């Protein structure tokens, strides 16, 4: 009886962290944007899925190819691509959920994994990007003094620590699964009585998962600019290490401004100003859009690999050559076949 009563309460989506039920004030105004979600989320999620699988799948293939020189940068980028690919694999299920009018058909366990995967990907991506930028900065400023910090072994250890911390800190999201509301099975939702806990979780995630990495990136960017202003740049341009460090941090900051900061900002505003019966449709829709942008970071990260990766372009060309060996063979076989034809005619 108690569970049935709680299922009738307004709910808040775990992944969007936004009201997901229908609330009514004195004027009986409908406070839901289910139609907007149904039209927006499926197509956006499927686009992200297509490009994300293409970009990250190819990137992982390139990173795993044997190469004469491997660096810690490639280790961080490989882990980032794996994180993105794991998250992207859940997007078709999310698209199906909203296409069915927020009706979940894939079972309780899969429902619990949805929210968990979103936040594990988001914050592991943030920390992989941050650590990658810091390592690039240290390699530029102290290329020989900090070799132990930028070694491949240290990179794998640091990646393992990031995975463990992010997965452990997000474990509480596995508490909430699917819930039957009449003929509809809801997913990605928490009951309203957990709003205080949700606000606390949001503040912790905002500070530790967004603001701290953002300030770290900003400081690295300013220090790199300071170093470049002191260094005499030759006519050939910046040194390779300087250029790659600057490119890495600039692309990472762009991803932060586009994907992570808008979502964390609007999520915080939405949670702190939300009240039962108070409709804020524009803020609600804006939050939905920023959530999609946060998910789209999985599509933007391959650009970082291409423009700032260590030997990524050379590795990509080498991998593509391996995928098309027939061209090299036909150049050698064709003259032989012509000669054989001439011999048979004689």
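Using N, Cα and C of the backbone, Cβ positions are placed for all residues, glycine too.
Taking the topological domains listed in Swiss-Prot, residue 70 lies on the same side of the membrane as residue 316.
Among the residue ranges 183-203, 246-266, the one that Swiss-Prot annotates as transmembrane segment is 246-266. Among the residue ranges 287-307, 308-328, the one that Swiss-Prot annotates as transmembrane segment is 287-307. Residue 181 (N-linked glycosylation site) sits 15 Å from residue 111 (disulfide bond), taking the CA atoms of both as reference points. Remark: the transmembrane segment (43-63) makes no contact with the transmembrane segment (154-174), by the rule of 3 or more CB pairs under 8 A.
Only residues 6 or more beyond the boundaries of the transmembrane segment (154-174), in the same chain, are considered here, and those with a CB under 8 A from a CB of the stretch are 14, 72, 75-76, 79, 112-113, 115-116, 119-120, 123-124, 127-128, 131, 135, 148, 201. A simple way to gauge crowding: the CB of residue 181 (N-linked glycosylation site) has 16 other CB atoms within 10 angstroms, across all the protein chains here. Helix, strand and coil counts from DSSP across the topological domain 'Extracellular' (267-286) read 13 helix, 0 strand, 7 coil.
Through the fold, the topological domain 'Cytoplasmic' (64-72) approaches residues 78, 135, 150-152, 154-155, 310-311, 314-315, 318-319, 322 of its own chain, all at least 6 residues removed from its boundaries and within a Cβ separation under 8 Å.
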